[in-house]
């Protein structure tokens with residue numbers, strides 16, 4: 001739910017307050033993915049509206065650099081256990097922990113970890129060069145993380161073709177109702193509030209998006225052209 005986080009930051013005045021500098025003078029936007037899991041990850045990325053993305057194998061203990069265009073809005077994910085098209089799904093069809101980015105042309109970069117559609121592996125996002133914007137907000141150039149995954153309700157657990165646990169659905173992806181997905185009559189932050197499943201996720205991982213309008217403590221901003229996304 002990246003666009004929701006951007007709206008939250010705009011309303012907070014963080015975008016207007018940010019000073020002008022050349023974020024991309026050192027090069028185009030890059031996301032360095034680090035695999036600290038025990039096995040090879042299928043690391044994917046896609047623009048925000050795409051159901052499927054591009055995938056590359058990243059062996060355990062190695063890293064891979066993704067180069068993005070300026071104004072790129074999208075998500076990055078990794079899967080230990082997947083097969084066929086499930087590896088290419090951008091979280092909406094098969095649950096995955098999502099690193100979301102918006103590399104704006106003016107140098108502002110928004111980022112967050114989203115469990116809105118579900119989760120599968122621990123994740124950390126960190127700006128490579130932390131530019132101090134000097135406006136006193138702890139979300140400016142901060143590290144956002146979920147190092148220990150929340151407990152997954154039994155009915156939300158997903159499995160791969162071999163029966164191994166592959167991820168955990170969110171209440172939205174499991175029930176697919178307006179109430180849990182903040183759609184239809186619930187497409188309003190004053191109407192769609194947190195619920196028990198989302199609250200449990202937030203308690204375990206305070207930085208992450210737990211439902212669509214979970215903006216205030218989940219959206220981050222910086223002016224670095226490079227970010228690391230560490231899995232596990």
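For all residues, glycine too, the Cβ spot is worked out from N, Cα and C.
Nobody curates TrEMBL annotations by hand; they come from automatic prediction.
According to TrEMBL, the signal peptide annotation covers 1-17.
What TrEMBL lists as disulfide bond is 37-232 (among others). Residues within less than 8 Å, Cβ to Cβ, of residue 232 (disulfide bond) and separated from it by at least 6 positions along the same chain comprise 35, 36, 37, 38, 121, 122.
The disulfide bond annotation in TrEMBL covers 141-222 (among others). Counting every protein chain shown, the number of other Cβ atoms lying within 10 Å of the Cβ of residue 141 (disulfide bond) is 20.
In this structure, residue 146 (disulfide bond) is part of a beta strand by DSSP. Residues annotated as disulfide bond in TrEMBL: 146-205 (among others).
In this view, residue 168 (disulfide bond) is surrounded by 23 other Cβ atoms within 10 Å of its Cβ, with every protein chain counted. For 152-168 (among others), the entry in TrEMBL reads disulfide bond.
Secondary structure at residue 181 (disulfide bond), taken from DSSP and collapsed to helix, strand or coil, is helix. The Cβ neighbour count for residue 181 (disulfide bond), using a 10 Å radius and every protein chain shown, is 20. Sequence annotations record features per position, and here TrEMBL assigns disulfide bond to 172-181 (among others).
Marked as disulfide bond by TrEMBL: 182-192 (among others). Residue 192 (disulfide bond) falls outside any helix or strand according to DSSP and counts as coil.
Annotation for the disulfide-bonded residues 152, 222: lowest Cβ count within 10 Å of the residue's own Cβ, 152. When other Cβ atoms within 10 Å of the Cβ of residue 37 (disulfide bond) are tallied across all protein chains shown, the result is 19. For residue 205 (disulfide bond), the same-chain residues that are 6 or more apart in sequence and have a Cβ closer than 8 Å to its Cβ are 113, 115, 145, 146, 148, 149, 150. The disulfide-bonded residues shown are 141, 168, 192, 222; of these, the one with its CA atom nearest the CA of residue 181 (disulfide bond) is 192.
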